[in-house]
Structure formats: structure tokens, C-alpha cells
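As C-alpha cells, the structure follows; a few thoughts come after it.
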Amino acid sequence: MGQSVVVLGAQWGDEGKGKIVDLLTEEIGAVVRFQGGHNAGHTLVINAKKTVLHLIPSGILRNGVLCLIGNGVVISPAALRKEIEELEDTGLEIRSRLKISPAAPLIMEYHIALDQAREKAAGGRAIGTTGRGIGPAYEDKVGRRGIRVADLHYPDQLAEKLRAALDYHNFVLTRYFGVDGMDFQRIYDEMLVFAEYVEPMKSDVAGILHDLRKQGKRVLFEGAQGTLLDIDHGTYPYVTSSSTTVGGALSGAGVGVQDIDYVLGIAKAYATRVGGGPFPTELDDKIGQGIRDRGVEYGASTGRPRRCGWMDIVALKRAVAINGITGLCITKLDVLDGMDKLKICIAYEYHDKRSEYAPLDAQGWEECTPVYLEFPGWNESTHGITSWEKLPPAARAYLCALEELAGCPIGIVSTGPDREHTIMLHDPFA
């Protein structure tokens with residue numbers, strides 16, 4: 001029986017991870033976020049009520065489930081407090097169930113200013129970040145000048161670290177980008193207020209996870225973004241700033257390889273991408289626009305329209321291999337309802353040669369031309385179907401083809417946004 005399950009994106013993010021995490025948290029001990037920040041946007045629909053979470057794990061809507069934020073997550077104090085208060089306004093008990101690693105880095109105001117200044121200066125070469133300071137915060141972490149949750153407990157040490165960081169970042173902001181610098185005293189005072197607020201939630205997340213493992217409790221590791229946006233394995237430099245793979249779950253939560261029993265990869269029945277970067281199967285036509293409209297493909301965090309395209313098996317197989325994915329969850333099947341024909345990319349034409357492997361650089365991806373297999377669509381509605389047998393034959397054939405081509409079994413199919421709109425073929429915890 002699986003005790004610890006990692007849920008992660010197998011495409012370019014926005015695959016529907018939040019719904020699946022919520023679905024699987026009915027009888028578990030904890031959900032842990034292990035990377036990213038409030039650039040994530042996990043949308044949950046329960047009894048037709050929509051909730052969008054950016055930083056807090058998706059298990060928060062389940063009473064009694066412990067929600068953990070690991071050391072691999074970068075935390076915006078303002079965003080965290082806002083999200084907690086919005087959830088508390090709905091009557092949920094949050095702070096007694098939310099535990100935050102002292103080793104988690106903080107996103108400071110100067111990180112946001114730097115992120116936005118860079119994107120503006122880059123013009124047409126911009127990465128397409130959310131402008132929320134995620135990348136600069138990770139840079140400071142690696143550069144060993146980051147301020148972490150633990151530093152808030154020591155006011156003198158906090159002041160020293162903040163002055164040093166501001167000296168560095170204000171120089172870059174004012175001298176290189178020509179924008180205003182940040183005021184030390186105002187930021188320091190705000191951090192002291194946040195220190196008092198976050199102190200009761202500060203906990204040894206890795207220690208909690210080890211204890212839960214010993215107790216035989218189920219734990220779900222919730223990824224953000226997607227494998228193809230991974231800082232190492234994605235379409236660099238059009239990537240996020242953290243490790244979105246199963247390796248990121250280990251280092252970002254503080255557990256070992258032996259602590260993971262099942263890796264669930266989430267993929268849409270088609271493909272989407274936000275921001276810049278290569279996207280071989282992109283549909284820049286009325287078909288792509290139709291998918292965008294039916295799938296409501298607009299960012300939960302930014303509202304930006306998502307680029308839409310056909311399912312890319314070459315990219316999906318790469319995600320399966322990198323993560324050692326045990327089973328797939330295919331989401332948004334119902335978005336394809338009513339389409340006459342569907343296509344799946346099974347290979348690339350690259351430099352006059354056919355390849356079933358993805359290039360290792362963004363320029364290589366840009367030079368790929370997809371090779372498609374065509375499948376008949378279906379006119380019947382799949383929305384809300386909860387049984388495999390009730391799916392239209394053409395929909396079942398499409399899913400079986402995805403499974404065979406990806407070389408990985410499909411364990412879950414999502415047929416709508418609500419928690420109940422799901423076909424459970426295999427429970428990852430079973």
C-alpha cells in the first residue's frame with residue numbers, strides 16, 4: 001500500500017494538480033508543498049464553489065489535514081498572510097494546521113522590484129515571469145544572502161542580514177535599472193510584525209514528515225508548476241526557478257528516496273503553456289482559441305491567457321522518465337468534447353531527422369516540427385462522468401492511445417473541475 005505520494009505536473013504547469021491533491025486528501029495525515037511560491041495557482045471546485053490557493057497546500061479545505069510548507073518553498077509574507085486571512089474569513093481553521101519550515105526563504109520587497117525591472121528591461125526577450133519575486137528570492141538563497149523564516153526570531157541578526165541584502169540590491173536597482181531603491185527601516189519594521197505572526201506556525205517540517213512516516217500516516221507531496229518548467233530539465237531559460245521534479249520533492253521537504261511510494265504525474269488531455277518559450281504543438285488558430293475558451297485557459301495567479309496545443313507525447317515521455325512516474329492522471333478530458341478530430345504528437349522532425357526524444361535546449365525545441373497521429377473525436381459529453389465504461393468509445397480509445405504511447409498507465413481521469421468529476425481507475429494510496 002502506498003503511504004507517501006508525490007503529485008506533480010508532467011507538462012508546463014496548470015495541469016489541474018490542485019483538484020487532484022484535494023481529491024486524494026480525504027484520509028491522509030498531511031499535504032506538503034516543496035517548491036515554488038505564490039506564483040502557483042491551484043484551483044479547487046467543491047460543490048460548485050471555487051477556491052484558488054497560491055501558497056497554502058490544497059489539503060487545507062479538508063478538516064483535520066495537516067498542511068506543511070517545506071524548506072524548498074519561497075514565502076511572500078504579504079501573500080501568505082492574505083491567503084490565511086481569506087481562508088479564515090470562510091470559517092476554516094488555518095493556523096493550527098499550517099506548519100512552516102524555518103529554512104524556507106522569504107520573498108522580500110526588493111525581490112519583487114528586481115523581478116519586474118528585469119522583465120521590463122528585457123522587452124521582447126522577457127521570460128514571462130509572474131513578477132512576484134520568485135526568481136530573485138531563489139538567487140539570494142543560492143547566493144547565501146537570503147533571509148529565511150528562522151532569521152525572524154533574531155532581530156539583531158535580521159537587521160544585519162537585511163542591511164547587507166539591501167546594500168546589494170539597491171545598488172542593482174538604482175545603478176543598473178535606474179529605479180528607486182528600498183528603505184531599510186520600513187521593511188525591517190514590517191518583518192518584525194510578520195515575525196510575531198508566523199512564529200506559532202514555525203515547525204520542523206522534515207521532522208514532522210519523518211514522524212508521520214513512522215506512524216504509518218499517509219502524506220501527499222504537492223508540486224507546483226510542471227516538469228517542463230524545471231530549472232534543470234525544462235526549456236531553459238524559459239523555466240521557473242525551482243526544481244519541479246520528484247527530486248525537488250525530496251530536497252524541498254527533507255525526505256529520502258525510500259520515503260516515496262508513488263509518483264502521480266498530472267497532464268491535460270491536450271497541452272498548454274503560459275509565457276515565453278518553445279511549444280512545438282501550439283495551435284495559433286481557431287482550434288487553439290476554441291480549446292482556450294472551452295477550457296477557460298487563463299492563469300489562476302495572473303489571468304494571462306494560456307497558449308494551447310495538442311498533446312505532446314515526446315515531452316510527456318520525458319517527464320515520465322525524469323520523475324519515474326508510476327501512474328498518470330489525465331485532466332480536462334471534457335474540454336475536447338465536440339471536436340471532429342484530435343491529434344497527438346508522437347515524434348519531432350529535427351534537422352531533417354525524425355526523433356522521439358526532446359532536445360536539451362530551448363533553441364532545439366524551437367526548431368522541432370511535430371509529427372502527429374490523428375484520432376477521431378466524439379460528440380457526446382464526457383463532463384462529470386465518473387465511470388470508464390460510460391465514456392464514449394472514441395474517448396476511451398484516445399486515452400488508451402495516450403497510455404500506450406507514453407508507456408505509463410493512466411490511474412485517474414478528470415472530467416470536470418469539481419471534486420466529484422473524476423474516474424478513479426487506480427488509487428495511488430491503494
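Cβ atoms here come from the backbone N, Cα and C positions, even for glycine.
Taken from Swiss-Prot, the feature active site, proton acceptor covers ASP14, and the record attributes it to sequence analysis. Counting every protein chain shown, the Cβ of ASP14 (active site, proton acceptor) has 28 other Cβ atoms within 10 Å.
The feature active site, proton donor is assigned by Swiss-Prot to HIS42, with sequence analysis given as support.
Positions annotated as GTP binding site by Swiss-Prot: 13-19, 41-43, ARG306, 332-334, 414-416.
Residue environment of ARG304 (IMP binding site) contains 13 other Cβ atoms, counted within 10 Å of its Cβ in all protein chains. Annotation source Swiss-Prot lists IMP binding site at ASP14, GLU15, GLY16, LYS17, ASN39, ALA40, GLY41, HIS42, THR130, ARG144, GLN225, THR240, ARG304, citing sequence analysis.
Following the DSSP three-state reduction, the secondary structure of GLY41 (IMP binding site) is coil. Per Swiss-Prot, Mg(2+) binding site is recorded for ASP14, GLY41.
As annotated by Swiss-Prot, substrate binding site applies to ALA300, SER301, THR302, GLY303, ARG304, PRO305, ARG306.
Checking the binding-site residues (GLY13, THR302, ARG306) against GLN225 (IMP binding site) with a 10 Å Cα-Cα cut-off leaves GLY13. Ranking the recorded positions ASP14, GLY41, ARG304 by the distance of their Cα atoms from the Cα of LEU333 (GTP binding site) places ASP14 first. Of the listed binding-site residues GLY13, GLY16, GLY41, GLY303, the Cβ environment within 10 Å is emptiest of other Cβ atoms at GLY303. Here the binding-site residues are THR130, THR415; the one with the fewest Cβ atoms within 10 Å of its Cβ is THR130.
Using CA atoms as reference points, the binding-site residues GLY13, LYS19, THR415 were checked against THR130 (IMP binding site), and the closest is GLY13.
Comparing Cα positions, ARG304 (IMP binding site) lies closest to GLY16 out of the binding-site residues GLY16, LYS19, THR415.
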